[in-house]
Amino acid sequence: MIKLGIVMDPISSINIKKDSSFAMMLEAQRRGYEIHYMEMNDLHLDQGKAIADTKVVELKEDPNGWYEFKSEQMIELSELDAVLMRKDPPFDTEYIYATYILERAEEQGALIVNKPQSLRDCNEKLFTAWFPELTPTTIVTRKAEKIKAFREEHGDVILKPLDGMGGASIFRVKENDPNVSVIIETLTNHGQNYAMAQTFVPDISNGDKRILVVDGEPMPYCLARIPAKGETRGNLAAGGTGEARPLSETDMKIAQAVAPTLKEKGLIFVGLDVIGDKLTEINVTSPTCIREIEAAFDISITGKLMDAIERRVKGE
């Protein structure tokens with residue numbers, strides 16, 4: 001029997017209709033895995049050994065009670081076959097410390113999904129810079145004058161922080177926007193923080209597409225997140241609506257161009273954000289949208305993920 005750990009935000013406050021971590025656990029349970037639930041504060045190091053306070057959990061698809069803890073124990077993380085790191089951002093120093101604990105567990109024999117070093121290496125916004133031919137025209141800088149020059153050159157631009165999630169603090173700045181200086185000051189914290197500027201992709205009205213890649217294989221369906229009326233952000237957290245659809249030829253080309261690098265880096269479950277024919281983000285921490293895609297199409301993304309985990313655990 002495979003023992004699967006999962007590090008996540010409190011299970012008591014998830015929305016089971018939409019939560020991808022819940023979907024993963026359901027599939028693991030269907031396969032007879034023993035599931036060990038953890039939050040970040042359950043991870044520890046003791047003399048270099050990665051240990052954790054875990055709760056064995058059973059799940060059911062019941063909005064009135066979707067989980068039950070069966071036992072509590074302190075274990076070495078290496079006793080688990082695999083651990084899913086599914087904690088949502090913020091990607092702060094605490095998150096980074098947790099990846100070091102998980103890296104010790106990895107060195108002691110557990111498979112960590114996604115690879116701890118790659119979680120640190122691959123910032124969700126910056127990692128797209130490794131694929132400049134696929135992205136909108138982009139600069140990353142702290143200097144207000146550089147952002148202003150970029151906006152003057154390109155007219156209609158998107159400005160965003162490097163650490164936001166769910167569409168937080170994303171600004172569209174058009175020509176002659178009187179607020180451009182204050183937006184730049186806010187995003188860069190008066191030149192103390194890096195910010196990203198990208199040319200605006202008009203195709204956002206057709207949705208910001210979330211494409212899932214499992215172990216280097218792009219899933220054939222995506223979730224297009226359509227912005228609310230008058231919005232430029234498709235994020236569901238910003239009021240967008242999700243519409244599952246098959247990948248277009250361009251979507252597939254983008255995903256196939258990025259997929260080998262992801263696999264090489266031990267990024268087994270990744271969400272690509274694509275607007276029109278441009279890659280805008282590579283989500284490696286806790287990509288979502290599984291539930292919505294699986295509800296619309298006859299595909300088991302979680303099944304593909306567990307297959308990939310089993311292959312690695314068995315050393316295939």
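Using the three backbone atoms N, Cα and C, a Cβ is placed for every residue, glycine included.
Residues annotated as domain 'ATP-grasp' in Swiss-Prot, with sequence analysis given as evidence: 124-310. Per Swiss-Prot, the feature ATP binding site maps to 150-207. Per Swiss-Prot, the feature Mg(2+) binding site maps to E281, N283; the stated evidence is sequence analysis.
The distance from the Cα of N206 (ATP binding site) to the Cα of N283 (Mg(2+) binding site) comes to 20 Å. The two recorded residues, I158 (ATP binding site) and E281 (Mg(2+) binding site), have Cα atoms 13 Å apart. Counting in whole angstrom, F150 (ATP binding site) lies 25 from N283 (Mg(2+) binding site) by their C-alpha atoms. Confidence in the domain 'ATP-grasp' (124-310), given as mean pLDDT, stands at 95. Residue density at G166 (ATP binding site): 13 other Cβ atoms are found within 10 A of its Cβ, drawing on all protein chains shown. Residue pair N283 (Mg(2+) binding site) / G166 (ATP binding site) shows a Cα separation of 11 Å. In this view, F150 (ATP binding site) is surrounded by 19 other Cβ atoms within 10 Å of its Cβ, with every protein chain counted. For the pair G166 (ATP binding site) and E281 (Mg(2+) binding site), the C-alpha distance works out to 12 angstrom.
Separation of the C-alpha atoms of Q198 (ATP binding site) and E281 (Mg(2+) binding site): 12 Å, rounded to the nearest whole number. Long-range Cβ contacts of E281 (Mg(2+) binding site) within its own chain (separation 6+, distance under 8 Å): E124, K125, T128, L272, D273. Other Cβ atoms within 10 Å of the Cβ of N206 (ATP binding site), summed over all protein chains shown, number 15. Sequence-distant neighbours of H190 (ATP binding site) (same chain, 6+ residues apart, CB-CB distance under 8 A): none. It is V182, among the binding-site residues I158, V182, whose Cβ has the fewest other Cβ atoms within 10 Å in the structure shown.
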